[in-house]
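As given in TrEMBL:
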{"type": "BINDING", "residues": "A:F24, A:G26, A:G28, A:E68, A:I254, A:R256, A:G258, A:A296, A:T299, A:E304", "note": "Ca(2+) 1 binding site"}
{"type": "BINDING", "residues": "A:D298", "note": "Ca(2+) 3 binding site"}
Amino acid sequence: MATLTVPATIPSVNEDCEQLRKAFSGWGTNEGLIIAILGHRNAEQRKLIRQTYAETYGEDLLKALDKELSDDFERVVLVWTLDPAERDAFLANEATKRWTSSNQVLMEIACTRSANQLLHARQAYHARYKKSLEEDVAHHTTGDFRKLLLPLVCSYRYEGDEVNMTLAKSEAKLLHEKISNKAYNDDDLIRVLATRSKAQINATLNRYKNEYGNDLNKDLKADPKDEFLALLRATVKCLVRPESYFEKVLRLAINRRGTDEGALTRVVTTRAEVDLKIIADEYQRRNSVPLDRAIAKDTHGDYEKMLLALAGHVEA
Amino acid sequence: MAPFLLIALLLVYLFTLNSFKAKKMGHPAEVEVLSKALSGIGVDEKSLVSILTKSHHEHKRSIRRGCSQFFFEDERQFERWNDDAIKTLKGEFKRFKDAVVLSLMHPWERDARLLKKALKKGPQQYGVIVEIACTRSSEQLLGARKAYHSLFERSIEEDLAAHIKGSERKLLVALVSAYRYEGPKVKEDTAKSEAKALLNAIKNADKRRLIEDEEVIRILTTRSKPHLKEVYEQYKKISGKSITEDFEAELFLKETIECLCTPHTYFTKVFDTALRVDANEDAKKALTRLITTQEAGNFKGVSAKFAHKIEERVKGAYKDVLLGVLARGEMNGQV
C-alpha cells in the first residue's frame, strides 16, 4: 500500500505551476511550498505539472529545481518528481557508473519491479541514454556479478500464479545440490533465479524448506564476507519478500552511525506510491519504532520534511 | 511357308507385347503431368483437378502403373500407394495451409509459436531461434515474449534456459532476452575496440568454446544493430576478413552475425537452400516461414535471382503466394 497522500481536492495544474514558479522566485526558495505541492501529487499529476511548467515557462521543471535546490533535499525532490520508469532508468544508470556503481541497486530494480515496470524502465533508458540498459550493465560489470545481473535486468518474467509443483521439487533439489557443493555461481542456479516466475520461485523455496529443513537464504550464509553470496541472498529476498528486503535496507540506512541518505532517498521515493505502508509496518514490527519517527530522528531540515511527506506522515 | 508364319507370329507377338507394355506404362503424358504436379514445393492444384476429373478407371490404373515413385506392385497383385510418398505429399499439400494460417496470425503469436516449435524440435532447429531473435525489431521481439506468456504460461527465457543443454544455451537465452536500443547513435571508438575484442577472442579461443566466450556474447547480445554493423566494418578493416568468415566454424554465431548485420545475405541463403532439388523438409519450411514473417522489402532482388528456380520447383497456389509476396516487396518494400 502506498503512503503518498494526495488531498481530495487539489489546485489546477496551472495553479500548481504558478505556485512552484513563485517558490523559486526571489532571493530564497520556498522549500515548504515545493514539499506541499510535489510531495502530495501522484505520478500522473507530476507528469502533467512538468509538461505544463515547460509549456508555460519554457524551462524543464527539473532544471529549475536543480538550480534552486541543493544536497539531499534536491536529490529527493528530483528523484521523486521523475516518473517511475524514468526514475528507475536514472537510478540504474547511476549504478553502472564508476563512482556510484552499485550491483545492489541494479538487482533491486530488476527484482522488485513487475515485469512490465522493468520493461518500462528499459524503454525509458533507451529514450534517456540512447543505449540499452543491458549493454551498460554488461559493459560495466564483470565475472559472477555480470553473470547474475545481466539475465536479471533482461528478464521478462511470466506473472501468473500457476505453479508446477513437480518442477518446484526438482529445482529445489537442484539448488540444494549446487549450494551443498558451494557452486554459487552455477549456470543452473542462476538460471532458476533469473528466469522463473516469482510464484514458481516461491513454491521452490517452500519446497526447499520442507525437504531440507533450512531456508534457502540460511544455507547461502556460508561465508558472511562473500559479496556475491550477499547479492544472491538479497536477490532471493527481493523476488519473494520485497517488503522484508526494503525494511532491512532502511534499517541499515537509518541506524548506522550517520545516515545512508542515498539508500533512504531511493527506498522512500521508489516505494511511496507502491508499498511503503507495508514496509513501514515491517519496520515498526522489527525495530519497535514507527518509520516516520526513525526518519525524523535521523534526518533534519527540508530533507526530513520531504521524506516524511512521502512517508505519509501527518503532523500530530 | 513356315518361316513366314513364324515371322508373322513373331511380329504379332512383338506388337501385342508393345501395346501391352504401353498399357502397363500408362499414358506417358498424364504420368508426366502427375509427377510434375506432385514433385517440388507445393502442388499444382490445377493439373491435379484436370487429371482427376478427366480420368476414369482405366486411366487411373494406367497412371498407377506408370508412376513407380508413388505406387508399387503389392504381392497380392494390386498397385499400392507408397506410404512414404503419401507422407511427402501430405507435407506438400499442407504447405499452402501453413502459409495461410501463418500469414493471418498476429506476428507476436506467430513468433511465439515458431520459437516454441523450434525449441521442441531440438538443436537442428535452433537456427530458427537465432533468426527470430535477430531479425525482429526490439518491439516485435518483445511482443513475441508477451504472446509467449499468454500461450504457454511461461516466459520464453525460462523455457530456453531449462531445455537447452548445450554450449549454445548462453547465446540463445541472451538473444531472446535482448531489448536493443534502436536509435542510430553509434560510438566509433567503442565499435573499434569491440572489433578488436572479437578478433582476440577468435585468435585465442579453442574454437569449440568461442560460442561461450563472455565478451563475444556480451557484444552480440547487448549492442544495438547499427553499432554491430559498425563493429562489422571495423573488423573488416583490421583483419581483412569479415566476421562471418571467421565465425564459420560456429554456425549459431555465424548466423547471429548474419541476421544482425547482413540480413539480406541470410535470406538469400535460405531461399537458395530451400529451392535446391535436394532440399529437406526443414529447408522448405523455412521458405514458408520467411515469406509469411518477413517484411517483403528484405527480399529485394530475390525474385529476380531465383525466378527460374521458383518457376521450376514451386507449384500451384503456394507459388502464387510466394511470387505475390516477392512482387509486393519489390514494389514498395513494406508488407
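Cβ coordinates come from backbone N, Cα and C, glycine included.
Remember, TrEMBL labels are computer predictions, not curated facts.
Residues near A:D298 (Ca(2+) 3 binding site) in space but far in sequence (CB under 8 A, at least 6 apart, same chain), listed by position: A:I254, A:N255, A:T259.
The Cβ neighbour count for A:F24 (Ca(2+) 1 binding site), using a 10 Å radius and every protein chain shown, is 19. For A:G28 (Ca(2+) 1 binding site), applying a Cβ distance below 8 Å and a minimum sequence separation of six or more within one chain yields no residues. Taking all protein chains in view, 20 other C-beta atoms sit within 10 angstroms of the C-beta of A:I254 (Ca(2+) 1 binding site). Sequence-distant neighbours of A:T299 (Ca(2+) 1 binding site): residues of the same chain at least 6 apart with a C-beta under 8 Å from its C-beta are A:D72, A:T259, A:E261, A:L264, A:L307. In this view, A:G258 (Ca(2+) 1 binding site) is surrounded by 7 other Cβ atoms within 10 Å of its Cβ, with every protein chain counted.
In the three-state DSSP classification, A:F24 (Ca(2+) 1 binding site) falls within a helix.
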